[in-house]
Amino acid sequence: MRLAVAHADRLVREALRRALARSPLELAWSAGDSDTMEEFCRRDPPQLLLADLHLLGTRAARLPALLAAGIAVIAVSERDGAGDAYEALGYGALGLLEPPRLTESGELVGGPRALARIQRLASLVVPGPPPAAVARGGDVRPPLIALGASTGGPHALARVLATLPATLAAAVLIVQHIESGFTQGLAEWLGSQSPLPVSLAQRGERPQAGRVYVAGAGGHLVLLPSFQFGHQHGRPGELHVPSVDALFLSLAAHASPGAAALLTGMGSDGVAGLDEMRRRGWHTLAQDEASSVVWGMPRAAIASGAATQALDLAAIGPALVRHIDRGRQ
């Protein structure tokens, strides 16, 4: 695969070059400013571009044109990239990459970690031509809404959350494919877009109505038989940690039927879990093609029958709420 690097910091460009030198990935060119990046992308478009978040512009404004040209993009950002990082993911960046760095003595730090992340995300690029209730003992267990997303997910999640009422009688559980250093920032950013409080799910915590819980890093978020959040370690080489399937399968096993939706994203993570939820009485939805950044996970859910309906993104939140409200009547 041919890729390119665009970053304003010369040392970061060099660190990425050295990290990539240890892989079969071919570095076609590097650029240090946005004008050069855009010119090189026109003259010699790579399959994958590692782009400095700042070079993508305010609110990642340059990203849609790159994606329209068939160039997959990984946004390179420090952990404090905040809002613009999630704008980039919302537009369809494959993911976020915390760059490796060079010490004063020239030692490469974080190279293997960065390379592994790049290779995992590069594997998602399609080769070929570019694309133009109450339990026993008074144990209160609120209804659950579950959402899974990948590429383009942050913006999709924000739009769904924005349509939920502040008086929602259900707890909302979310898995978004994202690099580990950005999960806390994602929860905070989603909280700024939602009428409901948003936080990372904590091991041993119990879902409460009117709150949103985001899967954290380093493992899979699951629901235990005790109706508490649990944590499962990912297996070596596992592509998605946290996994949508891990959460969805645990909800199917241990929670009363609620409502779930698979949103924009590549691949098929979440489809098996959504299908098991459907079999156990959950209301299952998928985002439609027209409103998806990447119609991969939702398409697989519709094709397999795991999702019973495909809806425009704007309609998903209200549909989930209607189902929860009907179940309480």
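First residue shown is number 1, and so on along the chain.
Cβ coordinates come from backbone N, Cα and C, glycine included.
What TrEMBL lists as domain 'Response regulatory' is 2-114. Annotated 4-aspartylphosphate per TrEMBL: Asp52, in sequence order. TrEMBL lists 127-327 with the feature domain 'CheB-type methylesterase'. Positions annotated as active site by TrEMBL: Ser150, His177, Asp269.
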Ask   = Looking only at DSSP and grouping its letters into three states, which state does Ser150 (active site) belong to?
value = coil
Request  = Please report the DSSP secondary structure of Asp269 (active site), reduced to three states.
outcome  = coil
Secondary structure composition of the domain 'Response regulatory' (2-114) [DSSP: H/G/I, E/B, coil] = 47 helix, 28 strand, 38 coil
